[in-house]
Amino acid sequence: MDAIQEVKRIIPEVQKYVNQRMEEFERLGREGWTHFDFRPFLDIDYDAGLFSELSFCILTANSSATLGIKIQAHLGEEGFLNKTKEELEEVFRKFGHRYAGQRAERIVEAREKFPKVKSLIEKEKNSKVIRELLADPKSPYKIKGFGYKEASHFLRNIGFKDLAIIDRHISRFLMEKGLLRQVKSITPKVYLEAEKALESLAKELGLSLGELDLYIFYIKTKKVLK
């Protein structure tokens, strides 16, 4: 089955959950907070703010969305903003995160950059410009642990719809469908190639990249998460 047919086949099954998630993302970007409800895929719902979403994207890199969601639900905005590095590390270990110390350190470091990042998001409307600034090591906005994928993930989750999140599920789907050459790792060059392939697919399906990501994630995992 080609990519277009496969996505079209599952749209009726999960469209209401994808639409709900996109609304939750847009509210987070617009109002600075949102209420996420992951049922029926995970029996979890909670309020989230911008910094806790940034922290979620730091946590999920080379980990899983499910684990990130559980930790985010447990800590809330206040926990991510106020707990010490040691306290965060203890929570991450308790939940079984493989990189507990490293992620705690990165989240504490990100607090210093956050006011600057927040003002960048408010004034700059071009998502690709913001992504570059969040991922570029020479940028004053650089978040440690963010490359294109993590920056795109954060921006999609706060309402920017035109960026692709090339994680292992998405890259595998593209390679299986012959839309991306077989690669062992996702370099920035490969990332942009994959994003281009997804842009064409999204256009044919009449979807945004943000929506398409959720549909492909569902094809691969049977869950609509984030």
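Heads up, the Cβ atoms here are built off N, Cα and C, so glycines get one too.
Taken straight from Swiss-Prot:
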{"type": "ACT_SITE", "residues": "LYS149", "note": "active site"}
{"type": "ACT_SITE", "residues": "ASP167", "note": "active site"}
{"type": "SITE", "residues": "LYS226", "note": "site 'Important for guanine/8-oxoguanine distinction'"}
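Listed in sequence order, ALA61, ILE165, ILE166, ASP167, ILE186, TYR191 are the same-chain residues at least 6 apart in sequence whose CB falls under 8 Å from the CB of LYS149 (active site).
Around the Cβ of LYS226 (site 'Important for guanine/8-oxoguanine distinction'), the same chain contributes ARG21, PHE25, PHE36, PHE56, ALA65, ILE69, ASN157, LEU214, each under 8 angstroms and 6 or more positions distant in sequence. Secondary structure at LYS149 (active site), as computed by DSSP, is helix.
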